[in-house]
Amino acid sequence: MTVYHFVGIKGTGMSSLAQILHDMKHTVQGSDYEKRFFTQTALEKRSISILPFDKSNVKEGQVIIAGNAFPDTHEEIVAAKELNIPVHRYHHFLGDLMNQYTSVAVTGAHGKTSTTGLLAHVMQGAHPTSYLIGDGTGHGVENSKYFVFEACEYRRHFLSYNPDYAIMTNIDFDHPDYFTDINDVFSAFQEMALQVKKGIIACGDDEELQKIQAKVPVIFYGFGEDNDFQARNIQKRTDGTIFDVFVRNTYYDTFKITGYGNHSVLNALAVIALCHYENVDVEAVKHQLTTFEGVKRRFNEKPMGEQVIIDDYAHHPTEINATIEAARQKHPEREIVAVFQPHTFSRTEKFLDEFAESLSKADQVYLCDIFGSARENKGELTIEDLQKRIDGAELITDTTTDVLKKHKNGVLIFMGAGDIQKFEAAYVKEVQVAEK
């Protein structure tokens, strides 16, 4: 019996892949640092063994899958090579696995995780579908027809894949620690487009995506009239969003989604376009769109007393704009309060003015210290550089969150890709203690 051993099993992609293989009835185990990470919960539910790093974990007959964060000098990878066991890097293993199915890569600077989650949910309503989402969620079905997965452009990782289809949500400049400018980002997506085997579903409202060249059909979606799939007559309600879809200027159907904001309409439109292309029953698509509950750390909302708390992964100005817009649609009468932790010094410095502009769309802004990456030089930048660009912005720590209590009927949006949840947890605890 083959044992799949994951070196770095708590990584979001690695955890998802481990879950998929386990669900397909393979024997799976893995190793990682002992510090608790949110991806553990799904692994523990499946009784997948998580071991501390140790070269003795590696044994003959195993299939070794290594996370990209771990160099060839890692003790377990060295041990595998000493035993002449091939080491498969995460992206290469995933690339080989998906060739067994009709594969759909979901990529773009923003909206990947939400769109992957939505597509997987909708496809499952019609056909057996395995999926891998970048929030640490994976699900494998032995007789899958489709394999839906999130494909990240960072360090051009997505070039490990040759999917049947690709959904491209947008192209935007991000990851300034790797990409030099928007042209560098575009070149990565252009290279990816040439690897797609059947078709590309791309947002035609995005100026960069309009320039994409491909060997396969490119289907455009969006709000503009030039798109193949266009959303019209949009009704933004507090219980979701309703819109008509026109296919090449001919009415197709009316859809209701559970999401808020223009970006949610675009994500749904991408899914509708792909399903139309694959002849998925439209009634199944309509039903599944109304039952989607979202993905982890993407506009996750919970009431707390008179306040509403939203947890969101937004860490780029474009994403902050979208999250605040969605909150205003759902809660038009409430005060919108942004609690933001910038992620990486390089990104914060590059987009300092854009961050200030997007955050200023909230009624009140609180800023947490910059969450730095282990790989980067801190430099001269401080959180005060952002604070002075936003009228009335205040600094907050995980010991001073009680200041948020004064926003009696407020919607508190905790945003960031670092450990912003630490601040949210501190505030929730503060409120619970006060109520006792």
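Each Cβ is built from the backbone N, Cα and C atoms, and glycine gets one as well.
Here is what Swiss-Prot records for this protein:
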- G108, A109, H110, G111, K112, T113, S114: ATP binding site (BINDING)
Quiz item: Counting all other Cβ atoms within 10 Å across every protein chain shown, which of the binding-site residues T113, S114 scores highest?
Solution: S114
Quiz item: By a simple count, how many Cβ atoms lie within 10 Å of the Cβ of K112 (ATP binding site), its own Cβ left out?
Solution: 25
Quiz item: Which residues, same chain and not among G108, A109, H110, G111, K112, T113, S114, have a CB within 8 angstroms of the centroid of the CB atoms at the recorded ATP site?
Solution: V106, T115, T169, N170, N267
Exercise. Name the secondary structure element type, per DSSP in three states, that contains S114 (ATP binding site).
Key: helix
Exercise. Let me know how many other Cβ atoms fall within 10 Å of the Cβ of A109 (ATP binding site).
Key: 25
Self-check item: Local backbone state of G108 (ATP binding site), from DSSP in three classes
Solution: coil
